[in-house]
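According to TrEMBL, the protein carries these features:
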BINDING   411, 449, 450, 477, 478, 500  S-adenosyl-L-methionine binding site
DOMAIN    321-583  domain 'SAM-dependent methyltransferase TRM5/TYW2-type'
């Protein structure tokens with residue numbers, strides 16, 4: 001009985017071939033890569049917390065990593081995060097690659113962001129022809145191979161368009177000629193080579209390793225076997241069979257790391273059964289087991305993985321930050337401050353191009369304008385940015401105004417309770433995240449803020465979103481603003497009052513006491529619904545905040561709907577209290593009796 005197929009094991013030999021993770025494209029393509037030489041040192045296998053599965057910076061081989069001990073060494077070297085993993089792979093025909101990947105999914109590498117399939121450059125040529133292309137002083141090597149591919153097919157590996165304008169023009173001419181179109185006036189324009197842009201001279205001091213392809217964070221290097229070595233290993237077909245050269249394109253299926261260094265006889269029976277099934281289908285079908293190296297570069301690793309290596313043991317890794325437009329706002333602890341530049345560099349690298357500036361709050365908010373003291377740690381020094389929230393654009397300058405993206409959900413919850421008949425009074429509006437968003441829903445908005453810079457951006461944002469006709473802007477103290485609004489004819493139209501100044505908003509509630517004292521007590525009036533925000537560190541935050549509201553209004557019976565917004569610090573809650581202003585408070589007599 002004639003053998004149906006064969007499987008070979010390729011051992012380590014010093015002839016490297018570069019591979020890239022690429023999508024399955026035209027098998028006529030090929031690719032040339034630039035080899036990278038780095039000296040490595042192996043990590044100690046006696047790690048206190050060994051990681052059993054998946055890629056890790058504590059596994060594989062890597063250049064010597066020096067942890068910075070003082071400010072002079074606080075620099076981040078990307079090449080120090082290169083890791084090499086020794087794996088085994090199955091070389092299979094490209095036609096059966098997808099089906100085999102599905103069948104062998106549980107035995108493949110299956111690492112995040114790393115494809116199980118690697119392509120072998122130069123596998124589209126006949127071995128005899130490939131040896132002629134890769135030999136000789138002129139036109140040899142990988143450059144000669146790519147040149148030949150361009151001559152034959154008019155295109156090369158990684159190119160989405162035809163490189164040769166002449167071949168492209170002839171192809172179009174043949175196609176249009178079959179339909180009777182002999183003249184195509186754009187052919188000359190299409191065939192004209194594009195102008196080449198002058199390449200900028202790279203800085204000689206900083207040399208960056210070039211990695212080609214879409215996923216430039218990972219490459220595969222397979223070590224080929226010489227012609228005289230190796231032999232047939234394993235009896236998958238139970239008969240002797242001869243060795244055949246590869247014909248056509250092939251792919252590599254990267255096996256799980258636990259199979260690294262294994263021979264065919266050491267593979268699980270499930271893999272052998274699948275390969276035998278496919279080998280029996282065709283007499284020319286061949287499989288090979290090869291050794292390869294998977295290299296993961298700095299771009300592969302996540303932010304927390306890099307920070308775990310950079311920061312000393314026992315230091316908590318900062319895992320979250322607030323995003324305001326192109327700015328990443330950090331709240332670093334005191335233990336992080338010696339490494340703040342490293343942390344900011346990693347945050348910037350791992351969130352480009354969305355994040356362009358990284359800042360850290362260096363002091364809590366103490367001033368009356370609620371502005372934060374920020375320090376720029378990385379990126380450009382522009383603190384003026386544009387934020388999009390609920391489909392509305394807001395221009396913000398974090399150096400002069402206050403903004404919190406973490407309250408976006410709370411603002412949306414508040415907006416969901418507004419109707420077209422409402423008139424909203426925003427006492428502490430800032431740059432208008434709530435006031436401008438409400439203007440798209442409600443009838444009218446009165447917005448006020450004490451900070452003149454915030455008022456300037458409030459007016460600018462209302463014009464930017466074409467809502468300036470529905471917003472009236474004021475620049476005065478909150479207590480004075482409340483009294484001025486209810487002393488005017490606009491008081492009857494106000495249905496919703498928002499007071500989002502958690503530090504001291506409850507103290508401004510006394511301004512509502514006696515707002516209708518000069519009017520008849522039996523008159524019909526619209527009493528507004530007040531939404532006031534505040535902080536509480538009490539064991540029962542709802543009760544504590546309710547007591548402060550009752551004290552400010554001098555009213556015992558106040559029906560308040562309390563809601564916890566978020567936990568801003570351990571034991572410190574931000575709450576929102578919503579209630580209809582009591583009639584007894586609105587008509588209270590505030591005259592001092594002597």
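We count from 1, first residue shown onward.
Each Cβ is built from the backbone N, Cα and C atoms, and glycine gets one as well.
Just so you know, TrEMBL annotations never went through curation; they're auto-generated.
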Around residue 477 (S-adenosyl-L-methionine binding site), which residues of its chain at least 6 apart sit with Cβ under 8 Å of its Cβ? 450
For residue 500 (S-adenosyl-L-methionine binding site), nearby residues of its own chain (Cβ under 8 Å, 6 or more apart in sequence): 407, 426, 428, 434, 531, 533
At a 10 Å cut-off from the C-beta of residue 478 (S-adenosyl-L-methionine binding site), count the other C-beta atoms across all protein chains. 19
Looking only at Cβ atoms, how many others are within 10 Å of the one on residue 411 (S-adenosyl-L-methionine binding site)? 18
Within 10 Å of each Cβ, count the other Cβ atoms, then let me know which of the binding-site residues 449, 450 comes out lowest. 450
For the domain 'SAM-dependent methyltransferase TRM5/TYW2-type' (321-583), mean pLDDT (0 to 100): 91
